[in-house]
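Taken from Swiss-Prot as is:
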- 80: active site, nucleophile (ACT_SITE)
- 13-15, 20-22, 31-34, 79, 117-121: ADP-D-ribose binding site (BINDING)
- 14-155: domain 'Macro' (DOMAIN)
- 125-343: region 'C-terminal domain' (REGION)
- 165-354: region 'Interaction with DarT' (REGION)
C-alpha cells in the first residue's frame, strides 16, 4: 500500500530505505550525501562496487546495515550514470521492476522511497509518481512510504564535520571569519571568489598550492566544483549554514563557528603560518569589494587578466567579457552589471596587487 508524505526520509520507521545514486560512486549532495554520512559502510561498499562496474542503471545495489535499530536494508537505486548528468525515465522504469523483485523475494514489510529522478535528476515528478504507482501499487502487503519532492530533507543542517584542520581548511574558514568580522554576510558565491583570490595570492607568493582547486569561468566568475568537497569537510564544525553547504544556492549565507576561532587561529599561527601572508593579501585586496557584486566583479576581472589573456585596459577587459566562456547570456549579464567605473576600479585594484 502506497502512502505519500514529506520530511526527512532517513527518519522513516521502515525496514528498507531507498537511496538515489549514480554509477560512478559519488554521493556529493542532497539525500545521497545524508546517506553517506549516516551509513558510511554502505558508502564504502557502494563506491567499491562502482569501481568494479557492478552498479548499473536498472538494477538495485543493496546492502545490509547490521543495525539492531533502524532499517535493515539500504537500497541504492541508480537514477543517473554520471552525477552531473540528468536521470532518464527508462532507468526509473527498469529500476522499479528490479525493486519490485527485491520486495517480493525478501518479503520486505516496509520501505521508504524518495522522488526518484525528480529534483536534481531533472525528471517531472508526476511522471515518476505514475511509474511508481504502476510498478508497486498492487503490493498490498508492503507499506510503501513515498517522499514527495520537497527541500525539507535537504534543509537539515549538518550537525558536525571533520575536526582535523589542514592548511586549506584553516585558510578557507579564516577567510569566512574575517569577512563576517567586517560586518558582511558571506554567501556561497562569495566563498568561491575568496577561494579564487586566495589561490591567486598563493601563486604570487610562489607557495605550495594547498587548495588544489580547479577553477573555470562560470556564471558568476571563477568557480571550482571541487571546492564543495573542502566546504563539506568544514560544514557543521567550522562553518555553519541553514542547510548543508553542498545543497546551498549561490546566495545562501554561510557563517563561521565562533567557538572554533581560537583553534583556527592557533593552527594558522603554527602549522599553517607559511600561508598567512597570502591570507593578509586577500584581506587587503577585497577592501571595498565586500559584497556578492563586488567580489564577482573583482574575481571576474582578475580571471580575465590572468587567464583570459586580456590587457589591463578597459577596452580589453570589456572585449573579454563579450567572450566570457560561460555563454552569451552570462556575458551579456556581466556587461549590463559592470559599468566602466566598476571595471576600471577593479582593474586598478588587481594591478595594484598582481602587477
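Glycine residues also receive a Cβ, built from the backbone N, Cα and C atoms like all the rest.
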Could you tell me which of these binding-site residues, 21, 31, 33, 118, has the greatest number of Cβ atoms within 10 Å of its own Cβ?
21
To the nearest whole angstrom, what is the C-alpha distance linking residue 13 (ADP-D-ribose binding site) and the residue listed as 'active site, nucleophile'?
27
Could you measure between residue 120 (ADP-D-ribose binding site) and residue 80 (active site, nucleophile) for me? Cα positions, answer in whole angstrom.
10
Return one of helix, strand or coil for residue 118 (ADP-D-ribose binding site), based on DSSP.
strand
Inter-residue Cα distance where the pair is the residue listed as 'active site, nucleophile' and residue 31 (ADP-D-ribose binding site), in Å:
14
Taking the Cβ of residue 15 (ADP-D-ribose binding site) as the reference point, list residues of the same chain whose Cβ is under 8 angstroms away and which are at least six residues distant in sequence.
71, 72, 73, 108, 109, 110, 111
Which of 79, 120, all binding-site residues, has a Cβ with the fewest other Cβ atoms inside 10 Å:
120
Fill in the CA-CA distance, the residue listed as 'active site, nucleophile' to residue 118 (ADP-D-ribose binding site), as an integer in Å.
11
Check the DSSP secondary structure of residue 21 (ADP-D-ribose binding site), expressed as helix, strand or coil.
strand
If you draw a 10 Å sphere around the Cβ of residue 13 (ADP-D-ribose binding site), how many other Cβ atoms fall inside it, taking every protein chain shown into account?
10
Inside 10 Å of the Cβ of residue 80 (active site, nucleophile), count up the other Cβ atoms and send me the figure.
23
Using DSSP, how many residues in the domain 'Macro' (14-155) fall into helix, strand and coil?
53 helix, 27 strand, 62 coil
